[in-house]
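Structure first, then comments.
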Amino acid sequence: VCFALPWQCFRALCCKGPPPPRPEYDLVCIGLSGSGKTSLLSQLCSESPENIVSTTGKMLPLFHVLIIVLKGADNIRKYWSRYYQGSQGVIFVLDSASSEDDLETARNELHSALQHPQLCTLPFLILANHQDKPAARSVQEV
C-alpha cells in the first residue's frame, strides 16, 4: 500500500527511484524600512517575525523558493544590487499608508530596480502593504 502522492507511488514502483529534485527559485524582496517585508515573509513561512533575519533569506519548503529580504534603510539601499545576481524574480513591498515623501522615495527605488540590468527582464510583484490602515492609498493612487 502506498500512502504518498500518486505520482510518487508510480515513480517509486515503476521507475525505481525518488523523483528528481524540484528546481529552486531565488527571489529578492526589497522595499523601504517599515514597508512590511519581514511581516510578509513571516506569514509565508508561518514563523514569528523574530525568526526572520534580513539578507540571509528564507526557504519556503513547499514551493522550493528562497526569498532574500533586504533591509530598506537609506544607508543600506545602495547595497541592494549585490544581492540581485541569480535572482529569478523581485517582490517590491510598498507601504501604501506612507507619507508622500516616502512614497516618492519608494517610487524612485522601484524605478531604479526596474532599470537595473540584472532585474529589468525579471517578473516583479509590487505588493501594496498596510491596506488595513486608515491612511492607505488605493491601488490607483499608488
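Here the Cβ of each residue, glycine as well, is placed from N, Cα and C on the backbone.
A 10 Å cutoff on Cβ-Cβ distances gives Ser33 (GTP binding site) a total of 13 other Cβ atoms nearby, all chains included. Look at TrEMBL and you will find Gly31, Leu32, Ser33, Gly34, Ser35, Gly36, Lys37, Thr38, Gly72, Asn129, His130, Gln131, Asp132 tagged as GTP binding site.
Its own atom aside, the Cβ of Thr38 (Mg(2+) binding site) has 20 Cβ atoms within 10 angstroms in the protein chains shown. Residues or ranges marked as Mg(2+) binding site by TrEMBL: Thr38, Thr55.
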Listed in sequence order, residues with CB under 8 A of His130 (GTP binding site) and six or more positions away: Ser35, Gly36, Asp95, Ser96, Ala97, Ser98, Ala136
Rounding to whole Å, the Cα atoms of Asp132 (GTP binding site) and Thr38 (Mg(2+) binding site) are apart by 17
